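As given in TrEMBL:
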{"type": "DOMAIN", "residues": "42-350", "note": "domain 'PRMT5 TIM barrel'"}
{"type": "REGION", "residues": "200-235", "note": "region 'Disordered'"}
{"type": "COMPBIAS", "residues": "200-233", "note": "compositional bias 'Low complexity'"}
{"type": "DOMAIN", "residues": "365-526", "note": "domain 'PRMT5 arginine-N-methyltransferase'"}
{"type": "BINDING", "residues": "Tyr391, Lys400, Tyr401, Glu454, Asp481, Met482", "note": "S-adenosyl-L-methionine binding site"}
{"type": "SITE", "residues": "Phe394", "note": "site 'Critical for specifying symmetric addition of methyl groups'"}
{"type": "DOMAIN", "residues": "529-785", "note": "domain 'PRMT5 oligomerisation'"}
Amino acid sequence: MSPFATLATTITHEDIQKAVARGHGPNETPVLTLSAESRVKGYQSICLPLTTANWRERWKNMCIMPSTGDGGNEEVIAAEKEAEAWRKSPSFLLDEVTMTRLDEAEIVVAMASQWLQLDATDDWVRHDSGVALRQEVAYASYLNIPTVILPPPRNRSHVASYGRIVNDCLKNVPYMQFSVRLPIYDPAVFQPKESPLLKSDGDLSSSGASTPPSSSPNILIPGSSPPRSLRSSKAPEGELNATWEMWDVIRTLCDYNPRLTLTLDLTPPLPANAGVLNRWAAEPVQHIFLPASAFIANVKGYPVLPKGTQAFIRQSMIHRPTFILSGATSGLHAMGGESAYAQYVKHLEKSSPIVQAAKTNGTVEYFAQGYQDYLQNPLQPLMDNLQSITYQTFEQDPVKYRNYEEAIYRALLDWPDRERIVICVAGAGRGPLVARSLKAIEKSGRQVFVYALEKNPNAFVTLQARKTREWGSSVELIFGDMRRIDIPEPVDILVTELLGSFGDNELSPECLDGAVRFLKPDGISIPASYTAHLAPLSSSKLYNAARENKDLKSMETPYVVMFQNVKVLSGDSGGTGKRCGPKIQECWEFEHPRKDVTVDEKGLPLTNSHNVRSARLCFHIPHAGVMHGLAGYFEAVLYDDVGLSIHPHHKDYISEDMLSWFPLFFPFRDPLYLPSNSELQVSIWRLTNDRQVWYEWFAESFLPVASVPPPSEQGEDMSGPDASFFSCTSTHFAVPSPVIDAIDVFPLTEPRPRQASSDSATASSGVVKIGQTSLHNAGGRSSWIGL
């Protein structure tokens, strides 16, 4: 198994100068020397600035011009001419780049000039930064460098300009990956500094600005809070959201281009809020920038990371990132030396629960290697005959069949001690449930006869072979569709495995409508019932995968997916009046056998209308995010308290490490932005006609508000000519900010009883609609399951 994490080291300009001073062979260069040394130390790649300080100085002299009072009009005119010539034909001088040869760039992750300000307040600085970035990208493409790390966005007000320029680079260079460097937390909220563009050594002209800032991210948030010390109270959601909000704008402007990734910068301290950190699980993280300054010394003086950062890095292994170590040779920690940092990252990799689960035989993660975030079309069990390899895959699940055996065993023990019990396995496949039934029969000591029913003619051959070799006269095989054929006698226990990832999405209700007629009036169905569950999901990877075919059908098809790079956006309860439900909510339930269905003389339902379902669910969204789809799960009661579950909160104690089902993903054609503390209402329908069953889904988003009571409820008439505009009944006040963390909002107080005083005016809470999706798969136009 390939490693989950790879390591890179940062090469600075100082490192290159030291390599030059040491000297090198005639065919060597400083970069080749440093690359070879890095490989010997165990690094798989090096992170190297593409340009030198000479390039920064020339750009500054061309684009950041002094006023005529400082340098004279001739100097300004000359600089302008040089800048215009450069804008017309951008190019480097030899001493402005760190590499010139293809072999130098073989293991390089290039860093574009981190001082470029693609989102600067000044129009010309933004423009010329964009020209410079395109020049650097063109040179990196010339050297066949696969990945360029972009300078961090700094200014929320102009981040759209940043995204536009990056999108232009993506279109001009068709193969290169671009990674946006972002700190998870904004260091400026602790020690805000005056923007370098506003502070200068002298009077600057309006066509430029002062010295470009350093590479350390320093984000400007409009309307941010006043300065605080490190001992200050919990940060508002607006500050915690700042970098993610900018990333969301950038990737949206770039149309979710899969070649646009993230380099998370862990230089600033991480927020303690788990909900804020978890959102990065759904984003395309390619690199994690980890400087030596992020480490602390343990009692022996070795570098270790704070516990919160440890947990975040262990969780980040789902991305299989490259960790870019910086400052490892600075001697910041007394013990361990340079290798201690890499060893510690490898230790976190080995101790990550994600890595351990993937390497442990028998776990879902081990079984699903290669299927993570891979979209699979659900089965069409009635229209198609499954291949033997498909049966074999499902039969590898020991948990499902162990639970089925236990359920059958308990049902046999609870059944009255008659001379003969009849079991029918409907949809026997290659026979795993028949074999488990026989084991349960043997364990129970009851006298039982088994019918095995199967419609797949190919699988029926396998059943005949197993009957000859293993089962003998204890099993009778019947070929045909359970909805249309009859069996020799009524049965006491009906056993089926027709469940799908959403419970009913492989037509278990419709199939069992035909099979429950085999049951005696007091007969037992295994499973006895099953429920479908939903949650709002964020995943740029799944969204891109679903829209890869660029057609309507692909965005209106539910897919079976082993989730990995995803984030469930909802929280437990919350919302206006605590009206929202849990994080994952139940949609509907099916029970078998049903006694309320109108049937014909053969015992079959007259129509399929009794299997129509609908649900309207309300979710609380505590942290801002983008919804790309819905996650679907199921739970089933087999018999008594024996069940099956892929519900994330229940599966570990109902059917831990069950392999047979991955969740279902209902994609949305267009992402829906959900602010912090918002509410999401999801409507979903299971619909049917004579030939098909299909799902339709739709969502709306709302933001809580407080509204002024109507004038009739106020003690004083405010509708006269002098009344304030704000007294209008349709006017809302005290609207919570969309970027306020629901956890940070002041606690909701119990409403006070309305006083009889005529001068009292109370506010009522409500919601205002802020967005919606389209209705997906209307009429089953894109996806359906055939009857």
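Backbone N, Cα and C define each Cβ position, glycine as well.
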C-alpha of Met482 (S-adenosyl-L-methionine binding site) to C-alpha of Phe394 (site 'Critical for specifying symmetric addition of methyl groups'): distance in Å?
21
Round to the nearest Å and give the CA-to-CA distance linking Tyr401 (S-adenosyl-L-methionine binding site) with Phe394 (site 'Critical for specifying symmetric addition of methyl groups').
10
Counting Cβ atoms within 10 Å across all protein chains shown, which of the binding-site residues Glu454, Asp481 comes out on top?
Glu454
Rounded to the nearest angstrom, how far is the Cα of Phe394 (site 'Critical for specifying symmetric addition of methyl groups') from the Cα of Glu454 (S-adenosyl-L-methionine binding site)?
16
Which listed residue (Tyr391, Phe394, Tyr401) has most other Cβ within 10 Å, given these are recorded positions:
Tyr401
Please report the distance from the Cα of Phe394 (site 'Critical for specifying symmetric addition of methyl groups') to the Cα of Lys400 (S-adenosyl-L-methionine binding site), rounded to the nearest angstrom.
9
